[in-house]
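Novice: My questions will all concern the structure given below.
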Amino acid sequence: MPNLELPWKPIYTQSGGFNWDGGIGSKSSENDPSLWSWSLSLTVAFTLVVYVLEKFLDGRQKRAYQQTQFPKQLETTVAKIDAQGYKQKKEDSDAADAATPAEKPLLQQLQDKFKSSQSYGLDKINFGMIASTYDTLESVVFLLLGFLPYMWDVSVHLGQVYLGYTQEDEIKITLIFLLLITLVGTVTSLPFELYSTFGIERKHGFNKQTYGLFFSDKVKSLALTFLIGGPFVALLLKIIQMGGEYFYLYVWAFMFVFSVFMMTIVPVFIMPLFNKYEPLPDGTLKTRIYELADKLSYPLKKLFVVDGSKRSSHSNAYMYGFGSNKRIVLFDTLMEQVSDDEILAILGHELGHWKLGHTLTNFCVTQVYFGAAFYFFSQCYTAKELYAAFGFDSQSGSIPTVIALMLFFQTLWAPVDKVLSFVLTIFSRHCEFAADEFSVKLGMSQMLQSGLCKIHLENLGAMCPDPWYSMYHYSHPPLVERLGAMMELDKKKA
């Protein structure tokens, strides 16, 4: 029988190897009074508490997806949009029954797609519950088995035997270690990614990828991870090792520079490896977008259309760039789904994020987050008892820096990260309402409302989200809340 005495120790430890007889709970130092010795047990407990909470919310959302009646609040709200005249024109007003779906009133279109939306959402939530259960189970099992210390020792062995590395070659061994766990993670997640893409997304008409394109993307992503992530990790570890007592300040500066570097190269050099970006053709839409940018003093330099349709029929639009070199990207699927007026309104919303400082605020929050995280990491960097609780109890040397980082973010910082994530979700929803209001003040309320309805329609978005689930997960407020808020603003303007 395995020993389940608390506080737990993993089955594999660096000092004792695999201890299958003693199992979980067998201690390298008996009666250890240190609070750190409880780190593994508390991490497992926290992981399970979060899992139970999120499964509770998933269950609420699942029941929402099982509803068969179109939500009354959404019906009332969208009916007002139609009643105000924000509907598609019909080629023949006397032949309403012959109207194509795109020519029907928005409410009728949403009602026609309600069953499909519910089915899509139900499939996703069911699959998500299975995937998250596996992820949690894998995390707990890996912790209890001592996966990390075992993989580190394997990396040391491979480095010594095949490459001649020694314990002093920590950064080189770290790269082997990260390569191994990345490959393991890729293999274990692959079945779920395949089913999500070629099962659920294809079943509901979204996926356009071939298996060849899928695996080509996967290979490119892994290659970029190694080419960019390898030097990044090496530099990060070197800074921590050489930075002395105040290394967190140097790490903070490095993370700032790296963030700016990635924000610069990703859209210009990396994203074109996966999609084709072409200038938006000359015409009325292009002229109107530049006019809108000029009106808001947005220094728009380039306007692209991306072939998102080669992978999915989901739609999007985004902006990027620093200083006076801004660019806007429209998905080709978006241009097919909404009118030019609605595209202008959607861009009015996106430009509102820029004008109101949301983009800069999010960047600053990210930098403060990095600074705080690495400061607190510096306070427990030398806590050997913490790492020993997870099996890193070798007496031959100091804890590998990458292991210290991983265990810090997995243990002490995990509750903080979860709370901050929720706070940032709430803040994001606030920003979305503010950007909607900005578009309304530009006189685009009617077109933004109809455009959001169409995007929601084409993407089979949730039409009756559970309020608790959406508050926890959704970075954007539910459709009916956004429409209602804009209508209230319209009333105040009238």
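Note: Cβ is positioned from N, Cα and C throughout, glycine not excepted.
Caution: TrEMBL annotation is automatic and unverified by curators.
Below are the features I grabbed from TrEMBL:
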{"type": "TRANSMEM", "residues": "35-53", "note": "transmembrane segment"}
{"type": "DOMAIN", "residues": "110-276", "note": "domain 'CAAX prenyl protease 1 N-terminal'"}
{"type": "TRANSMEM", "residues": "172-198", "note": "transmembrane segment"}
{"type": "TRANSMEM", "residues": "219-240", "note": "transmembrane segment"}
{"type": "TRANSMEM", "residues": "246-270", "note": "transmembrane segment"}
{"type": "DOMAIN", "residues": "280-487", "note": "domain 'Peptidase M48'"}
{"type": "BINDING", "residues": "HIS349, HIS353, GLU432", "note": "Zn(2+) binding site"}
{"type": "ACT_SITE", "residues": "GLU350", "note": "active site"}
{"type": "ACT_SITE", "residues": "ASP436", "note": "active site, proton donor"}
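What's the neighbourhood like for each of these?
Specialist: Through the fold, the transmembrane segment (35-53) approaches residues 6-10, 27, 132-133, 136, 139-140, 143-144, 383, 385-386, 388-390, 407, 410-411, 414-415, 418 of its own chain, all at least 6 residues removed from its boundaries and within a Cβ separation under 8 Å.
The domain 'CAAX prenyl protease 1 N-terminal' (110-276) scores a mean pLDDT of 93 in the predicted structure.
If you look at the transmembrane segment (172-198), the same-chain residues 6 or more away from its ends with a CB under 8 A from one of its CBs are 127, 131, 134, 138, 148, 151-152, 154-156, 158-159, 163, 165, 207, 209, 211, 214, 218, 222, 225-226, 229-230, 233-234, 237, 400-402.
Within the chain, the transmembrane segment (246-270) has long-range Cβ neighbours (under 8 A, six or more residues past its boundaries) at 224, 228, 232, 235-236, 239-240, 320-322, 327, 329, 363, 366-367, 370-371, 374-375, 377-378.
Using a 10 Å Cβ-Cβ cutoff, GLU350 (active site) registers 19 neighbours.
Of all Cβ atoms in the shown protein chains, 26 besides its own fall within 10 Å of the Cβ of ASP436 (active site, proton donor).
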Novice: Should anything in the same chain at least six residues away from the transmembrane segment (219-240) have a Cβ under 8 Å from its Cβ atoms, list it; otherwise answer none.
Specialist: 170-171, 174-175, 178-179, 182, 186, 247, 250-251, 254, 258, 262, 270, 273-274, 381, 401-402
Novice: Name the residue among the binding-site residues HIS349, HIS353 whose Cβ has the smallest number of other Cβ atoms within 10 Å.
Specialist: HIS353
Novice: Measuring Cα to Cα, tell me the gap between GLU432 (Zn(2+) binding site) and GLU350 (active site) in whole angstrom.
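Specialist: Here the two Cα atoms lie 9 Å apart.
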Novice: Test of understanding: give the count of other CB atoms lying within 10 angstroms of the CB of GLU432 (Zn(2+) binding site).
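Specialist: Result for GLU432 (Zn(2+) binding site): 21 neighbouring Cβ atoms inside 10 Å.
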Novice: Other residues near the Zn(2+) site, CB within 8 A of the CB centroid of HIS349, HIS353, GLU432?
Specialist: GLU350, GLY352, HIS358, CYS431, ALA434, ALA435, ASP436, PHE438, SER439
